[in-house]
Amino acid sequence: MATAAAASASEAEAESKAGPQAEGEEDEAKAARTRRKVLSRAVAAATYKTMGPGWDQQEEGVSESDGDEEYAMASSAESSPGEYEWEYDEEEEKNQLEIERLEEQLSINVYDYNCHVDLIRLLRLEGELAKVRTARQKMSEIFPLTEELWLEWLQDEVSMALDGLDRERVYDLFERAVQDYICPNIWLEYGQYSVGGIGQKGGLEKVRSVFERALSSVGLHMTKGLAIWEAYREFESAIVEAARLEKVHSLFRRQLAIPLYDMEATFAEYEEWSEDPIPESVIQSYNKALQQLEKYKPYEEALLQAEAPRLAEYQAYIDFEMKVGDPARIQLIFERALVENCLVPDLWTRYSQYLDRQLKVKDLVLSVHSRAVRNCPWTVALWSRYLLAMERHGVDHRVISVTFEKALSAGFIQATDYVEIWQAYLDYLRRRVDFKQDSSKELEELRAAFARALEYLKQEVDERFNESGDPSCLIMQNWARIEARLCNNMQKARELWDSIMTKGNAKYANMWLEYYNLERAHGDTQHCRKALHRAVQCTSDYPEHVCEVLLTMERTEGTLEDWDIAVQKTETRLARVNEQRLKAAEKEAALVQQEEEKAEQRKRARAEKKALRKKKKIRGADKHEADEDDEKEWGDDEEEQPSKRRRVENSVPPATGKVGLDLEEDTGPVDVEPPSKQKARAAAPKRDMPKVLHDSSKDGVTVFVSNLPYSLGAPEAALRPLFEACGDVVEIRPIFSNRGDFRGYCYVEFKEEAAALRALELDRKSVEGRPMFVSPCVDKSKHPDFKVFRYSTALEKHKLFVSGLPFSCTKEELEEICKAHGTVKDIRLVTNRAGKPKGLAYVEYENESQASQAVLKMDGMTIKENVIKVAISNPPQRRVPEKPEARKAPGGPLVPRQMYGARGKGRTQLSLLPRALQLPSAAGTQAENGPAPPPAGVTPAAEAPKMSNADFAKLLLRK
């Protein structure tokens with residue numbers, strides 16, 4: 001049926017092309033396109049129907065009624081060009097536009113995996129069989145295909161195979177399929193398809209060869225290898241020959257010696273099938289395999305219970321197999337792990353490293369390295385190891401050069417990656433050169449490669465990344481060493497070092513000392529002295545060290561005149577350096593002082609505003625008292641008035657929407673307690689609240705919870721259900737102020753340390769709309785440098801940093817946008833301590849390739865009228881605060897402390913030192929007979945006149 005449908009599809013395609021050429025036949029052309037659409041779907045349906053153990057029987061036994069039904073569908077669609085015709089036309093036009101878009105996208109970026117998959121799907125749906133084959137071929141040349149993609153391709157090719165040549169082409173396709181990944185299903189289909197060609201010349205040998213290779217590849221697979229063994233036995237049993245019985249016996253015995261699931265059923269089947277008793281050696285091998293199966297079962301069950309990709313479970317399984325040391329089983333478990341974790345570079349690195357060091361089989365090693373760079377082309381370490389493996393196994397130079405060119409076009413995500421791959425290739429070229437000869441073809445090729453590397457990094461890498469991938473000029477340094485040590489060409493080496501110094505490296509002492517050591521080993525004293533004199537003048541990071549090296553050389557080799565010149569130059573240079581450092585320190589101290597003065601001014605302004613607001617509140621609250629008492633009573637109250645009044649419930653004005661108190665409005669009498677009662681009432685909670693003592697010996701089973709809402713009424717009752725999910729809670733100790741107000745943090749003590757560790761996972765959990773911080777309980781007086789930050793601050797190539805997001809953007813909305821470019825593992829919206837969004841987010845993808853694709857497509861995108869910025873997550877390094885004792889240089893002035901963080905000074909970096917402690921440092925030293933007078937224009941706080949309720953009342957009555 002598939003063949004007939006394919007032929008009909010080609011006829012319909014020819015008709016659809018010829019129809020529009022004749023005038024007045026537009027209806028026929030539309031009908032032809034409709035027929036082509038129906039028949040292409042029939043082809044797709046036929047490919048699925050023809051799969052299974054009996055492909056040949058199914059192909060031969062297709063009923064004519066199925067074909068009649070499909071042609072009836074086509075004719076009915078053709079005869080009724082109504083709404084279906086328009087539906088098909090619109091769908092076909094839409095698919096064609098999408099196909100054109102995907103083809104254009106692939107012409108720009110051929111490494112877009114998802115575009116390849118979508119293009120193949122649409123072409124297959126449209127019945128473009130030739131284009132589907134071409135698209136699959138292009139994708140398979142760049143990427144290894146998954147088991148699903150290979151099976152789909154094989155189904156289509158098997159359904160269209162007509163003669164022996166087509167069958168050979170399908171055989172070649174199966175050979176390519178089994179090389180990408182270890183896929184038991186593909187091997188099973190390969191064996192069953194080869195059975196269909198048993199009637200051809202050499203068919204029997206072909207079938208046995210396929211099954212034997214399948215057993216070698218996946219026969220040890222504990223869960224899926226059984227199907228291969230059973231299919232092979234069934235094939236041999238179907239051949240009715242006495243000589244074949246021994247073959248079946250051999251297959252049973254080989255299978256029973258391997259630990260596989262359902263071994264008991266296989267043993268029972270062998271007992272039933274065999275006419276003779278089972279030999280004792282077979283029973284012993286079977287029992288030994290059963291014992292091995294019990295050892296492997298925990299790891300297999302862990303894989304069955306876990307969810308894909310199960311990397312941790314596979315890693316544990318690999319560790320176990322490495323300890324056992326069976327090479328075949330180690331190779332199998334690596335292959336099984338890579339099927340689900342093919343985009344994990346570390347797993348490929350570990351597998352290839354094992355093959356390089358243990359098995360050392362050329363074909364196997366090179367095959368794995370080739371598959372590794374096809375799966376993870378963005379990982380430069382895999383390409384470097386591949387080049388080394390090819391050199392190790394004597395691969396032709398042209399093949400290695402072609403592989404290197406592929407690596408350059410792989411699309412690395414860092415500029416330094418290109419430097420690394422160039423270094424690996426240049427090392428390979430250097431090892432090919434015979435330096436005993438003055439000149440050779442290999443040496444010229446090496447020099448040309450060095451020159452090309454420098455030009456490539458300058459033209460391609462620097463322009464693409466807007467940064468130098470080789471700021472220290474490592475490649476140029478390596479070239480200079482080779483010219484000096486191996487080619488005895490110091491003139492070329494000096495030219496290279498001059499070029500290195502002109503690229504911004506002249507200020508670094510280590511660069512000059514490297515050049516000096518090269519001259520010392522392969523040059524002469526004159527050039528050594530010249531290099532050190534230049535270093536003394538140019539070095540800015542460690543000039544003292546360079547000066548010391550120059551003086552040491554002149555002390556051992558120089559004349560008196562050389563010594564005098566060296567001493568004069570070093571003293572002049574060091575004096576200039578010390579002067580520059582002193583100026584820089586003074587400038588920094590002045591900036592720090594300015595910042596402190598500005599902070600002090602802002603603090604005074606806030607204090608004045610706060611005092612003014614307090615006066616207004618007190619004035620409004622005391623107005624009623626002024627109306628009822630006379631001046632004499634006011635004078636009596638002045639003695640009992642405390643210096644600071646606490647606001648109590650009865651002194652708060654009613655919520656009328658007015659800040660002050662309107663004298664003309666009748667608000668009724670307000671009961672205000674005497675100041676003595678107010679003071680006693682304010683002090684009452686302080687006496688009632690017990691002091692919570694913290695036992696530092698229980699820090700291991702205690703977590704510190706902070707950033708809780710102050711409005712949390714019963715903290716213990718609200719938090720206990722959250723933390724009891726982690727383990728048995730002994731006590732929750734919330735911290736209250738002297739007035740009995742909850743201070744927003746508490747201690748949670750568990751019975752076991754494991755429960756405390758599980759509780760740390762509740763960090764950043766929302767409690768009444770505010771993120772709760774959960775951290776280990778650590779005494780910071782003993783561990784002042786202890787910091788808890790759950791997120792990485794290093795470069796993460798698979799994670800994106802998104803900025804400029806609208807505050808209303810939710811996690812679900814961002815995930816919907818990001819998942820179009822790959823598999824999103826986690827999204828974190830950055831919030832402040834109150835849980836309010838800051839417009840920032842971190843998006844973690846499954847691998848580096850998806851993250852790099854998302855950067856290209858999402859950077860500059862508009863979300864709710866906000867233009868976002870997207871980049872690879874690489875947070876800036878935070879500076880470590882300088883210790884006070886390190887700020888004072890020996891014999892020098894006090895170096896001002898660092899007041900800024902990695903991103904400059906923030907709005908919240910205010911001085912929290914009490915004002916009483918700041919006054920001595922601001923005023924300087926005390927006068928001879930007492931403290932120094934305050935600055936002009938500043939009134940000391942102690943001299944401010946105190947005002948009683950009576951004074952405030954008089955002020956109000958004067959208005």
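Glycine is treated like the rest: Cβ placed from N, Cα and C.
TrEMBL lists 1-11 with the feature compositional bias 'Low complexity'. Summarising the annotation, TrEMBL assigns region 'Disordered' to 1-36, 49-85, 602-694, 874-902, 916-947. The compositional bias 'Acidic residues' feature in TrEMBL is assigned to 57-71, 627-640. Per TrEMBL, the feature compositional bias 'Basic residues' maps to 603-618. Per TrEMBL, the feature compositional bias 'Basic and acidic residues' maps to 685-694, 879-888. For 701-779, 798-875, the entry in TrEMBL reads domain 'RRM'.
The domain 'RRM' (701-779) scores a mean pLDDT of 88 in the predicted structure. Per DSSP, the secondary structure of the domain 'RRM' (798-875) breaks down as 22 helix, 32 strand, 24 coil. Secondary structure of the domain 'RRM' (701-779), assigned with DSSP and counted as helix (H, G, I), strand (E, B) and coil, comes to 21 helix, 32 strand, 26 coil. Here the compositional bias 'Basic residues' (603-618) is broken down by DSSP into helix, strand and coil counts: 16 helix, 0 strand, 0 coil.
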